[in-house]
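Features of the protein shown, as given by Swiss-Prot:
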COMPBIAS  47-66  compositional bias 'Basic and acidic residues'
DISULFID  C139-C204  disulfide bond
DISULFID  C192-C234  disulfide bond
REGION    47-67  region 'Disordered'
SIGNAL    1-18  signal peptide
Amino acid sequence: MSMLCYTLIIAFLIGIWAAPKSEDNVPLGSPATSDLSDTSCAQTHEGLKTSRNTDQRHPAPKKAEDQELASAANIIVDPKLFQKRRFQSPRVLFSTQPPPLSRDEQSVEFLDNEDTLNRNIRAKRETHPVHNRGEYSVCDSISVWVANKTKAMDIKGKPVTVMVDVNLNNHVYKQYFFETKYRNPNPVPSGCRGIDSGHWNSYCTTTQTYVRALTMEGNQASWRFIRIDAACVCVISRKTENF
């Protein structure tokens, strides 16, 4: 009986010794482990290549400001917006080319060809002839047509987006604003020209007004009153006498 038990135990040990070792029990540095490492590195490299290709096919989204400007350029303005001329200002002009240096005092205009532009300049010269009388203003001002105004403050004090280009009846017009401001941004110590500095304090400054301009609200164009530079004035105050 004891011999039979010894024989079974020996046969069992021989079977365990002869059984092949699994890959999970292979020691570090063996050929099986090297194959697994190579396979893992290859899969990681392929994953990185796939990620780079995906990024190239799907670029990063554009900024919100760029999208807003692009959408504003594609907005088609309804011609009905220009039928009511009640609040239109002579300081706002829609034109396909740069306007003349002097503004017309009539109303909002559309200049779409050179003949119209030349007629406007001739009419302005005939209406306001130049006189050399040595006339001087109390403040030196400068007036320009502003072509690329994109931001402004509305009548409620909120920032709004101003439309630069207006697509109307398949024609692209640019919105111009005639602005007047003080030529020197820094106040002059001597004050305004022609003011008695012995009795008055004076300085030149720029004042603003509201004009009706075409602005962008969401994906639609709408009229709003915005604030622009309108004039250069002299501010004076009486000097207090010290006794």
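Keep in mind that glycine also has a Cβ here, set from the backbone N, Cα and C atoms.
Overlay of Swiss-Prot feature records on the structure.
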residue : record         : CB count, 10 Å
C139    : disulfide bond : 22
C192    : disulfide bond : 22
C204    : disulfide bond : 21
C234    : disulfide bond : 18
Worksheet, complete the sentence: CA pair C192 (disulfide bond) / C139 (disulfide bond), Å rounded to integer, equals 6
